[in-house]
Amino acid sequence: MDLWYSWEFIVIVLAGFSMFRSFCQSEKAPYYTFVHEATSAPHVLYYDYIIIGGGTSGCPLAATLSQGASVLVLERGGSPYGNPKIMNIANFANSLSDTSPNSASQQFISEDGVYNARARVLGGGSALNAGFYTHASDDYVKQAGWIPEFVEKSYAWVESKIAFEPPMLEWQSAVRDGLVEVGVLPYNGFTYDHIYGTKVGGSIFDKYGHRHTAADLLEYAEPRNISVYLHATVHKILFTETGKPWPRPRAYGVVFEDSLGLKHWAYLRKSSMNEIILSAGALGSPQLLMLSGIGPANHLQAHSISVVADQPMVGQGMADNPMNLLFIPSPIPVEVSLIQVVGITKFNSYVETASGLSFAYSWVHKFIREYELHLNETGQPSAVTAEAMSRATETLNSLVAETLQGGVILEKVIGPVSTGELKLRTTNPDDNPSVRFNYFKEPEDLHRCVQGMRTIIEVVNSRAFSKFRYKDMPVQALIDLMVNLPVNLRPRHFSTAMSLEQFCTDTVMTIWHYHGGCQVGKVVDNDYKVLGVDKLRVIDGSTFIDSPGTNPQATVMMLGRYMGKRILYERFIQGRK
């Protein structure tokens, strides 16, 4: 019988979970004692595990591994703590649209002409996102080959620190009731489970609107066994040459740079169980594999990168759940809320909502700022004309005068079927790679978007939502407003405001759920080990074939914990031999 499924394994892991739970409830690890600026790092370091990326997966993975081994975490961003742009729910949009050089959000525009952002901060995307917390479906867990019992325990481990039941105030309640009214049934109440119908999900924002990120999971770490360095940008992974005694390239260290531009070298201690683990996210992990010589040989050679392993699937299968929405000005004040309610439809388009004065104001105007910034930086014309942008601003101001109140109702296509690719632009790890998601390339995705937009329109017109509607503002006016807002750089067509198919294509936005690039079965095996080399794994959302649940962050954090326990178990068994 496979060791992973043996009874011995089950007994050991169950005992480990119980012991770990007791530790968590009785002691809060002083994790700030092991978080430092990379400028203070020694010139040369040695650890059992080197984790590249202290993000949504990297933090729980590091905390878990530190219970049985020495762990080094290299995070290219800074700390989220003490930053009100990150930690306060009201500043969600401002944090995402921060374009300053050292911001937690690194802006990029995909080759599809869609504004996007990637995290560069301890805690990763959980420090920037809208906070929704929900599990993957049972079918997803089964297809991933994970053991359901240990998946549940790993979710619970995460939830004891950072997941909360959100308060249900008026806007969110109206959308919830509207979804039920238009037939997104049954109503399932508050649950983390991914099931058809309308539900209230969890949130990483507590009742005070304070964000809790994956970085909080470092409280579980054993302080004596872990070092976390901030503003530590990894330039490449180091490999041995092939030949005796290693027939395949073997990862043995990394080169990283601190904020002063000084280079440091981190090496694995001598042990057959020690590894380097990439947890740099759906953009960072395939990018760093390529920079280290693992990827399509022709592409690497074009950038003068020595090929360690010709891996043509690195960077392939890139996908992002496309989002489309309506902004709805309200005649009455609304609460500040991010994603709490979700309608999970049978056609796999999910309907969600967010609201609030500061959120709505900053959300609408961030697109105008980004549009202007893009023109200033590139000088390239956009499909959204200056006249259209001016009309959008005037319309917005005429509707809501000086105090903008309202919110958005959005739909996103899960999966999706359409995929693209990631390539290097430069060999500088600080630069964004080129990525194309091919939104709505496959007709199935576009069909689901149209169905989702029809559901939104029904909710907007529902009796339950009526008090948040201006009676003299038809849905078509809301559609016209979205068409004229510079929400992306894609062309507008004559039929954009009249055809939901064209509306979906022309006004598509990201919901920051990109995945792929290092997929299981293509770039890594079922143990998340990189194919063709030794002592290197990838554990993050880049390994996903599809996006799990209605939001991937809970599952990405779960995966870090799940694989950390599995790796420690393998280490324990190896040590007994």
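Yeah, the Cβs are placed from backbone N, Cα and C, and that goes for glycine too.
In TrEMBL, annotation is done automatically, which means it is predicted and not curated.
The signal peptide annotation in TrEMBL covers 1-26.
The FAD binding site annotation in TrEMBL covers T56, S57, V121, V234, W512, H513, G541, P552, Q553.
If you look up TrEMBL, you'll see 281-295 marked as domain 'Glucose-methanol-choline oxidoreductase N-terminal'. Counting same-chain residues at least six beyond the ends of the domain 'Glucose-methanol-choline oxidoreductase N-terminal' (281-295), those with a Cβ under 8 angstroms from any Cβ of the stretch are 52-53, 55-56, 118-119, 124-125, 234-239, 303, 305-312, 314-315, 318, 422, 424, 427, 429, 432-433, 435, 514-518, 523, 530, 532-533, 538, 540-542.
Sequence annotations record features per position, and here TrEMBL assigns disulfide bond to C449-C504. Neighbour list (C449 (disulfide bond), Cβ cut-off 8 Å, at least 6 residues apart, same chain): P322, N324, S349, E411, V413, F440, L500, C504.
For W512 (FAD binding site), the number of other Cβ atoms no farther than 10 Å from its own Cβ, over all displayed protein chains, is 22.
If you draw a 10 Å sphere around the CB of C504 (disulfide bond), it holds 25 other CB atoms from the protein chains shown. The domain 'Glucose-methanol-choline oxidoreductase N-terminal' (281-295): residue composition by secondary structure is 11 helix, 2 strand, 2 coil, according to DSSP. The average per-residue pLDDT of the prediction over the domain 'Glucose-methanol-choline oxidoreductase N-terminal' (281-295) is 98, rounded to a whole number. Across the annotated binding residues for FAD (T56, S57, V121, V234, W512, H513, G541, P552, Q553), the two most widely spaced Cα atoms sit 25 Å apart. All chains included, 29 other C-beta atoms sit within 10 angstroms of the C-beta of G541 (FAD binding site). Under 8 Å, Cβ to Cβ, and six or more positions away along its own chain, T56 (FAD binding site) finds G123, G124, G125, S126, A214, G281, D540, G541, Q553, V556, M557, G560.
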